[in-house]
Structure formats: C-alpha cells, structure tokens
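Engineer: Can you keep this structure in mind? I'll have questions shortly.
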RNA sequence: GCGGAAGUGGCGGAACUGGCAGACGCGCAGGCCUCAGGAGCCUGUGGGGGCAACCCCGUGGGGGUUCAAAUCCCUCCUUCCGCACCA
C-alpha cells in the first residue's frame, strides 16, 4: 500500500489547483453567490498558529459552501500599513515599504501551505497607492459632507509610538495604548475626526444582521446611549449668562442643591468671583495635571471648589452654589451637571464633604421621612417637588420634561458615550490625509484629480519620534490648489482602521482604477454573507466598517447599510501551558514545523477538532497525533479496500471471530452501513452549517471506526463504495489535500472539490433499530432494541412485560406511563 | 459598581426542543504483533460497593418545578471578558 506522505501530496495538489485556477470566483455566475470573508492579516512576517486557527476553519466553511453549489468569493489581502514597519525602519534602517513587501512575500508562501481556496488574483495590499488613493477619495467625500472635520480637542497621545490614538485604541483601567501597552497621556491638539456620532442611533440597530450577542452588547455599551433632559441654568447676577446641564433624572430637579462645571468649562473664568479666583486657578491647575498623569483615581475622594457664583433652579427659583470638580467631564453631556445629593451617589459624597443640604425629592416606598443613609436611585413617590409632589417618579420624569419643553427651559435629549473617530496619526506609514493649508484660503482639500497624495519614498526615519513627513520639505511644501500660492500639506496620516473599513468592497474589483470598486460587480457580490474574525475588533474595526458602509449608502455607492450579514468570532488558541502564546513565555507553536512533518491537513483538522471554534483553547501536541492517526486510518481504509486483491486476507479476517457489536449484527446486507453513511452525512452537514467542526470530525471518526469493524464483510459491495465516496467528500472541505488524493486513487474524476456535497436520505439516516430506555419512576432499569416506528401502545406493552421493569415495580400499581417515541418509556408507580 | 459569558471524568470536550450524562480524541491500564518501539492493532477506563448478576452516588454549592433536570426557575459561590466618576 502507498504510504500517506502528506507533505509531498499536499505540495503536488496545491500546484495543480493553482495551475487549474480551481478557486476562481466568477463574477455574474448564475449559481447563487456567497461572499465569505475572513479578516485579512497584518504582514508581521510570520504566519502564526493563531492565523491558522482563524483561517483554516473559515476555508473549510467556504469550501463547503462551494460544494453546496454556491459561487464562492473567498479573498485574501494584507493590512499593510501600520507602526511595526516604521519601527523596523527606525531600528534597522529598512524602508517600511521593503519591510512590508518582504513580509508579505514570506506570508504568501506560508498561507499557500495551508491549502486554502483563496483567490490570489484579487489580493489587496493596503499600502499600495492603488488602494490608498481610495482612502483619500473617501476622505474627501466625507469632508464635503461635513463628516470629516478638524478640531482642537484633548486627545490621547501614546508617548512611545509618538502619535495620537482613537478612544477605541486606549484600553483598560490603566488607559494604555492598544498597540504597545504604554500608558497614554492627554494633549490638546488639532486633529482630524470622522463624525461617527452622526450614525450613533443607526449603529445601535442590529436588525437584519446575525451578529453574536457578545459583539452587539460590546457595541451597545461602547455607544452608551442614555436618554435624559438637557436644560438651562441661569446664573444669578449675570443677566443673559446661562449654561446647560444634562441629566437622566429630571424628576429629581427639585433636589438640586448645587451645580458643577467641569474645570475646563468655558464659563468658569467669566463666572469666578475675585475672592474665589486663587482657589479656582489652583484647582484647575491640579485637575489639568492630574488628567495628564494616569487616571487611576476611581477610588479618589471627590473634591472641588466653589467659584462664587450661583445657579438658579428653573423650577423653584432657588439658588445653588456653582462648583468646579474633576468628577464632571467636559467630554460627556454638556460638561456641567445638576447636583442632587439625595439621588446620586457621587453628588452625595460631594455634598457631605462640603456640608450641602441633602433634600429627598423621591421617596422610597415606605420612607419614614428621615434622612437617607445612601443615595436613593430607584423609583418612588415625588415629595418636596412643588406641583409635581405626589406623582410617581416615573410619571414626574415625563411631566417635568414636558414642563421644561413647554417653557423653553430644556429638551429631551440623548447623550452618547461614543466620540467621533480621531483618525490623525503623526506617523509616516499610513495614508496621507489629502488636505492643504494655505495662508490665504485656509484649509483646502486636495482636488480629486490630484489624487493620490503619495508617500515620498525618500523619507528619513529617525528615533526622535517626529513624523518623517513633517521633516520632509519636498512633501510638506506645495502650492495651494485654489490660489496657487505657497502652502503646506497636512503631514498626518490616517489611522489604519480606515483601510479595513472598506477593504471588503475592494476585493470585488481590486484593480479598478476609476473608483473604489465596480458597482455592477458589487451588486452581484455584496454584501459579505459571512465574516469571521476575532472579537478583539468588536468596538474598533467592526464598528468602523458599519459606519463606513452607512456613509457609502448615503453616498449612493451601495444599496444596503450593513457590511456583513453574519459574523462569527473564533476563540483564541493558547500555548500548551494554557497561557497566551508569547515569545517571552516560550510557548509559541510554529505551524510550519507541523506542516512539514504531519502535513497541513492534520494541522487544519486538529485545530477544528480541539473544541468549539468560538472557544479557542490550549494547543496539545499529543492531541494533534490523534488527529493524524485518524487521517492515517482513513488513508489505510480507503486504500485497503480500493486496491484490488488486497482485502479479505486471513489477517484482517481475524477480527471477525470476536463477533460484531449488537448494532452491527445484521449489517451483512449493507443496510446498517448505508444507515451509517446517511446519518454521518446528515450530522456533518448540520455541523458545518453551524461551524461545529469539532463534532463533525468526531462523527467522521465514529464513521471510520464503524467501517473498520465491518470492512471484511462489506468491502467491495455497493454500500461500501458509497460509504467510502461519502467519507472522502465529507472530508474534502476540512482536509482538502488527502481528500483529493484519495478521490484520485479511487479512480474518480478530478476534482473532489468540484463535486456536489453528498445528500442524505432522511429515512436511511434514521436507524432501523433504536435503543428504547425503560425507566421505573424516572430511573433507568433496562435498555431494549426495538424497531424505530414502534407505536406508543406497543412500547408500553413491551415495558410492562420487561422483566427488570417488573422487578423494580416491586408489585406497586401503575400510576402513569410516559412514552417518548423512539427514546424512552417511564413507568410511574403509585 | 454596571454589563456579558461560562462552570460536566486525570485533560480537551459531547449531549436535538427537558428524555440513556461523559460521544469523539488525548492520557492511563491490559493484551496482540514486532529483533525492537515513544509505530500499528484490539480491549478496558466517572466515583463507590460486590466473586458476580447487579446496586448506589454523580454535571460548582443549596433549594424548587417536573413522571423525568447538565438543560427550566430562585439563590449563593467561582472564573473569564468588556466598560468604568458617562451625570
């Protein structure tokens, strides 16, 4: 028998498939289209086992779709802009372009070894001007619609990477840079933003897409919508001066005993009285310094200082002292709040510290009129609230909101935690922002006809942290497109999440030079039917790409508002020690080593077998041997029974003496084998549909174990041939190379991957004999084999006749008999 | 603190809509084959009791619903993830 030499046969078939362009997706093909997309990799230089874990099951699912009769688009590309390339330039003097392209070349080879059905002719590389020109084009479209704007704002700055970051890229309690883990600091800078907040409400709507609840929840929390009322507080002794506060509790407005402005609030200077000036300045200085240092201070005591002015409660005209305090953030709501200590824990802390009154205005059920021990946040009956006294707080909320709206005091309003997307990066290796600053004309967009604004190739990469573009005179100095005078280019580049916000559209027609993609071809392929990738992108990439698609819809470029109909998040593969893989821990698994020993098919199948795909889990080098053993068994089984004259010798016949298992007893006519074939097809089909690769492979293992048991009596017969054919077809999506080789060795016509997915006969998939569980009072007492179509009456009869059932009934009367057809009979006694 | 997910053998995990707990694989044990094996094949493998047929217990803890609970409800514990002064 031929040896299973995975390494050789995998290389052979990969070459053949590529030569035959087997994986080409054809635009406008009449078969139903299926756009299957897996997140493109960053070209770090080495294909990690984590890439395999994300991509190999995706490939299996895409291949399965194709066998199901779909015209499948399964593209790949590289997320090629980003900091590591620039850092390599600074440290080793290699140009980012060269570093990136060398890595891509290396990763292409590694990716090919996976045997995936990617269509390389559609490859997209985002650092190619052919690609990033469209980033600039989109930017201009957004600029024209007011969706891209420049503003001075306190922004997050990573001191190690020397660049600003989007809020989404600052993570954890320590507020560290998502890329390098350095704590970020705040800086006031003029930066470019994209107005994602304009779509906040739409982004909360997930109807029409099947995304995991997990991602949905993360996005909802991130957007952080809360409904409330924004109303005006006039300032005593300052006619015409007022500020607005946002509250989700207008029902508590009668309990306001102070008001707080954020220390950076623009009215602070104007309202501060001379006697308070020194304290206020000192506090502002302290607050500014503190926000510049780490903000670990959740436990920190709440403090503030009065500014000497008083706000007038619009409901009852009472005067409330105005404070500044750093627990109020300028970046949320209006940067000012009403202080209602009885009904807000933070306000209560503050009021206690400064001995402010704490009147109760919403009485908890059964309240005895005494001061509350802690802030009461729940609903109750309104008290001390003028004409609203006596209403339920729920009702009072609405009535006070109505009152404020009628009198022009305030309006109902939604507030969001979501901020606009800061896209400026003070780095070289990204898309130049196509803007020119002219001393006469101001901010001028680069005309579309002048695109792309290319990155200069001769930039210098110095370890100073200064952006190379800023120091590049040839790039920076330019002419104003409007007046022709001397002008300067914007030297910041775009966040690389811009690239990934629309790459799925570029794959549709990756070489179109006239537009981001061909709308005709787009109408055929779009949107993405299935997207797969890690959950770490939940509030970054996955939120941005939804936003981008809605903008594209509003630009008339696509006829839908959601980029990906279904999303699946795979888990994370861990090191053998159960820890996250890292070089420093020394637990990194190198896929290439396994590919070169046991083959890509084994690595693929093992990663799918390890557990549910969404779960991830530790790598186990013994576990992979088990899967390799399985493929070896498949190989031997197919060869042993297809190579003529090799079966039925005395050696294999020996097993027969032991006697078949009960379920296989009557398998001589091949019926039982047929049943196994069909039930396995059913199981694998259903499992692949839901990405349950682990149980699909387990079912195939059971099938093979069964086939080994019966092969001496079955091999050569028609049901056997069907079983072997089905087995190979069912394996094809997951282990494409061995399936192709076995398919060829069976004399079937090339290619196994162009065959239809086997269908099953529901009747055959159902067993002829089923195990009926017999219970007495809910305890299993016996199991009997019965024909599958048994009537309930007959089942009852058989149960009552059963010797063990009778024994355990112990002479008691039958109270009830529960029958679950084909499964169990439970005899309940009195 | 708020929000989410999850707790099943020595390990990874399986179990449709409440109906045989532990499929499949790893590991372990015994056997066969072999000059040899860390290769291959076969058998066994949740815990406890029994010579055995068999019996009892068992899905994080406690309680409940039900003829029947890993699955549904209540409660507590643990772990992981996200957000965190968001007014």
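Placement of Cβ uses the backbone N, Cα and C atoms for every residue, glycine included.
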Engineer: Please find, within the list A:578-609, A:610-641, A:642-673, A:674-705, the residue stretch that TrEMBL describes as region 'Disordered'.
Structural biologist: A:642-673
Engineer: Looking at A:19-29, A:30-40, A:41-51, A:52-62, which one is motif ''HIGH' region' according to TrEMBL?
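Structural biologist: Checking TrEMBL against the ranges A:19-29, A:30-40, A:41-51, A:52-62, the motif ''HIGH' region' one is A:41-51.
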Engineer: Can you work out the mean pLDDT of the predicted model over the domain 'Aminoacyl-tRNA synthetase class Ia' (A:13-206)?
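Structural biologist: The predicted confidence over the domain 'Aminoacyl-tRNA synthetase class Ia' (A:13-206), as a mean pLDDT, is 93.
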Engineer: I'm a bit unsure how to read this: which one of A:220-405, A:419-608, A:677-791 has the highest number of Cβ pairs shorter than 8 Å with the domain 'Aminoacyl-tRNA synthetase class Ia' (A:13-206)?
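Structural biologist: The listed stretch sharing the most Cβ pairs with the domain 'Aminoacyl-tRNA synthetase class Ia' (A:13-206) is A:419-608.
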Engineer: What residues, ordered by sequence, lie under 8 A Cβ-to-Cβ from residue A:583 (ATP binding site) and sit at least six positions away in the same chain?
Structural biologist: none
Engineer: Run through the domain 'Methionyl/Valyl/Leucyl/Isoleucyl-tRNA synthetase anticodon-binding' (A:677-791) and tell me, per DSSP, how many residues are helix, strand and coil.
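Structural biologist: Counting residues by DSSP class gives 66 helix, 17 strand, 32 coil.
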Engineer: If you run through the motif ''HIGH' region' (A:41-51) with DSSP, how many residues end up as helix, strand and coil?
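Structural biologist: Tallying H, G and I as helix, E and B as strand, the rest coil: 3 helix, 0 strand, 8 coil.
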Engineer: Where does residue A:583 (ATP binding site) sit in DSSP terms: helix, strand, or coil?
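Structural biologist: The residue in question, residue A:583 (ATP binding site), is coil (DSSP, three-state).
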